[in-house]
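Novice: According to TrEMBL, the protein has these features:
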type     : residues : note
DOMAIN   : 45-295   : domain 'G-protein coupled receptors family 1 profile'
TRANSMEM : 29-57    : transmembrane segment
TRANSMEM : 63-80    : transmembrane segment
TRANSMEM : 101-119  : transmembrane segment
TRANSMEM : 147-169  : transmembrane segment
TRANSMEM : 181-203  : transmembrane segment
TRANSMEM : 209-234  : transmembrane segment
TRANSMEM : 246-266  : transmembrane segment
TRANSMEM : 278-297  : transmembrane segment
Amino acid sequence: MRTLETTNISGSVSEFILLGFPCCRDIQVLLFVIFSLIYLLTLMGNTSIICAVWSSWKLHTPMNILLANFSFLKICYVSSDVPKMLANIISQTKSTSYAGCLLQFYFFFSMCAAEAFQVPSVMSFDRFLDICRPLQYPTIMTHRLCAWLVVFCWTGGFLCLLTPLTLISQVPFCGPNTIDYFLCALAPLLALSCASVSGITLICGIISSLIIFLTFLYILGTYFCVLSVVLQVAPGSGRHKAFSTCASHLAVACLFCGSVMVMYVSPGSGDYPGMQKFVTLFYALATPFFNPLIYNFRNKDMKEVLEKILNVLLREISKGFKS
């Protein structure tokens, strides 16, 4: 089996052409403006959550610390593909190197896997302990456990994609080198191979299915326990608060798991490349954008701290204009 270097030398492909969104120039400029705006708002929204947690002792709770890590993951996640996508939209060549394409695949989908681990570990597990084991919550969900959860999510995500990366690096690409996609994804890459890739497709499919279905089943199991406990609580503010908190977590979980399942699990999804491109764009660009909106609307303490930070910034800006 050949290494990355020998594959690149023996094959005739040294770079790939990412078509992205082939359309007229005016539409491409419009897409560039829209995607750039969403990207900047995503960076600002998730950075604001990190700053709020870092600046306020009131938010130094396990859940908010994990939420700040989740926002940092979203920033890395969206930055692994959107800048290159924006550059290709306005570029005439739209090319990316062989090594750069594999690195984008690895980092983007590693962070997808890390997010899949983050959903059950951060949301479901924390809500399960807080609602079903409230007396044991302070002793179980410690800062030490938070640190281990963060390490588990990041390490697990990057380790899971090592096997697919190794397998893809051994695939010979003899040409053509045009990918009708906006990032280096698995299916478009393997479609350019000049050798049989059925075994690689099967192995990668098993890995992605295990990650998706195991985390999804974990979410269903933990929230089933949570809802069974919440429904036993007498109607009042306690039940409403529990439902409100769980709703925001489930919304984020559904945004991610739903789009990924449609992309990789739905029968015949590979027969509709346009739909695949749209769904990939949705979870690559839209889900990181909605993350701070969902949590800010549901987290009262977070909203208060963000309002204070915004007021301070506005005062500093007004002083700058006066001077």
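Cβ from N, Cα, C; glycine included.
Note that this is a predicted model, so its numbers are computed, not measured.
Set these features in their place in the structure for me.
Specialist: Beyond the ends of the transmembrane segment (181-203), by six or more residues, the same chain brings 11, 13, 16, 18-21, 81, 84-85, 88, 96, 101-102, 104-105, 108-109, 163-164, 167-168, 171-175, 270, 273, 276-277, 280-281, 284 to within a C-beta distance below 8 angstroms of the stretch.
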Novice: Below 8 angstroms Cβ to Cβ, which residues of this chain, lying six or more residues outside the transmembrane segment (101-119), approach it?
Specialist: 4, 15-16, 66, 69-70, 73-74, 76-77, 80-81, 84, 152-154, 156-158, 160-161, 164-165, 168-169, 183-186, 189, 211-212, 215, 219, 252-253, 256-257, 260, 283-284
Novice: Below 8 angstroms Cβ to Cβ, which residues of this chain, lying six or more residues outside the transmembrane segment (63-80), approach it?
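Specialist: 39, 42-43, 46-47, 49-50, 53-54, 104, 107-108, 111-112, 114-115, 118, 121-122, 126, 130, 141, 143, 146, 149-150, 153-154, 284-285, 287-288, 291-292, 295, 299, 301-302.
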